[in-house]
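A short write-up of the structure that comes next.
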Amino acid sequence: MVGPRTSGFWRWMVLVVIATTASVTGQGDQNGLFVVAQSSAEEDPGFNVTSSYILVNNQKTVIGQNSSPFGRGHQVFILNEQNGQVLDKMVFDTDPDGGGAEAAQRLLDYLKIVQEGRIIIVVVHDNGNTLVNLSPYGSTITTTALGFRVSYAMITQKGPKPSWFVEKRSAAGTGPTRIDASIPPAILNTVAQSSAEEDPGFNVTSSYILVNNQKTVIGQNSSPFGRGHQVFILNEQNGQVLDKMVFDTDPDGGGAEAAQRLLDYLKIVQEGRIIIVVVHDNGNTLVNLSPYGSTITTTALGFRQSYAMITQKGPKPSWFVEKRSAARTGPTRIDASIPTVPTTSAAAVGTSVGVARIMALMFVTAVLVWY
């Protein structure tokens with residue numbers, strides 16, 4: 001028989017599990033990357049071949065034994081700053097009895113060719129007490145050599161020192177050294193320009209988009225010189241142009257048929273994708289883009305009006321923007337700063353949320369059956 005005191009305990013446990021589930025679920029709204037780096041030296045408690053590692057949104061990466069002697073020395077991980085993907089991992093045996101100064105120089109040469117903006121993580125495994133001066137990457141600790149079997153970790157970025165930079169070292173036997181950084185989402189600086197026939201500077205490529213200064217045009221290899229509504233589909237995680245299409249919505253061209261094909265095309269675009277629309281030359285057939293946030297296009301654009309829109313498939317984003325200009329007053333140019341959403345975050349958190357919900361449901365069911 002379950003007494004009142006025991007009964008109260010189990011009810012309390014149910015509430016704890018439900019609260020825990022709610023807490024985990026809340027993490028699903030978190031953007032950006034949560035990165036952990038652990039450095040483990042020979043004399044640290046728990047030291048083994050994989051006790052130095054990194055975590056990116058709970059996804060673990062190790063170097064392990066298939067490298068220098070059991071991964072000894074400075075281990076380096078290069079991450080994509082937009083989605084947290086581990087692009088490369090290397091180990092340099094900076095133990096003086098291993099690669100020593102030569103390995104240290106190779107490490108510095110390697111970092112020089114890493115692409116600007118990449119996230120760099122360095123952890124020392126076992127021992128790495130040859131001087132490796134990482135001050136060009138924000139370090140103030142490594143201007144002198146680390147001590148024998150001192151653990152050390154750093155999370156930084158190639159380029160200007162980021163606000164979330166972190167590094168730490170621990171004396172021999174007092175590690176492992178563990179650090180973490182919450183890295184905000186990368187920003188896609190997106191520009192869209194629409195250029196109509198009578199606008200100053202009009203030519204076949206005067207309508208275009210820019211994503212972090214990378215230009216994409218449709219140009220003349222399409223409908224008559226790219227005329228009509230040009231559509232660009234971008235990956236919301238890294239800004240890659242996945243597709244580009246042009247629909248000749250000039251009434252003397254494809255007209256209403258082209259407008260319908262455009263709308264049919266947008267219907268099959270994957271949820272979450274960034275959609276950019278620019279009108280080139282002329283596109284004054286009605287194309288109602290209100291399902292994508294537009295309030296301008298519920299009526300047809302005027303003859304040779306320029307128009308541009310940056311939006312996202314799904315709920316209207318906070319950074320949505322659209323604009324039109326009368327004939328001869330363009331080109332119309334708009335921009336949006338779009339935060340990226342890492343794939344690793346969604347996957348890791350989604351799994352955690354699902355498991356937590358199932359466990360909570362099973363626990364509650366068991367308690368109710370018990371009663």
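Yeah, the Cβs are placed from backbone N, Cα and C, and that goes for glycine too.
Residues or ranges marked as signal peptide in TrEMBL: 1-28.
Helix first, then strand, then coil: DSSP counts for the domain 'ILEI/PANDER' (72-159) stand at 16 helix, 29 strand, 43 coil. Feature annotation from TrEMBL assigns domain 'ILEI/PANDER' to 72-159 (among others).
Annotation source TrEMBL lists domain 'ILEI/PANDER' at 227-314 (among others). With DSSP classes pooled into helix, strand and coil, the tally for the domain 'ILEI/PANDER' (227-314) is 16 helix, 29 strand, 43 coil.
Annotation comment: TrEMBL describes 346-370 as transmembrane segment.
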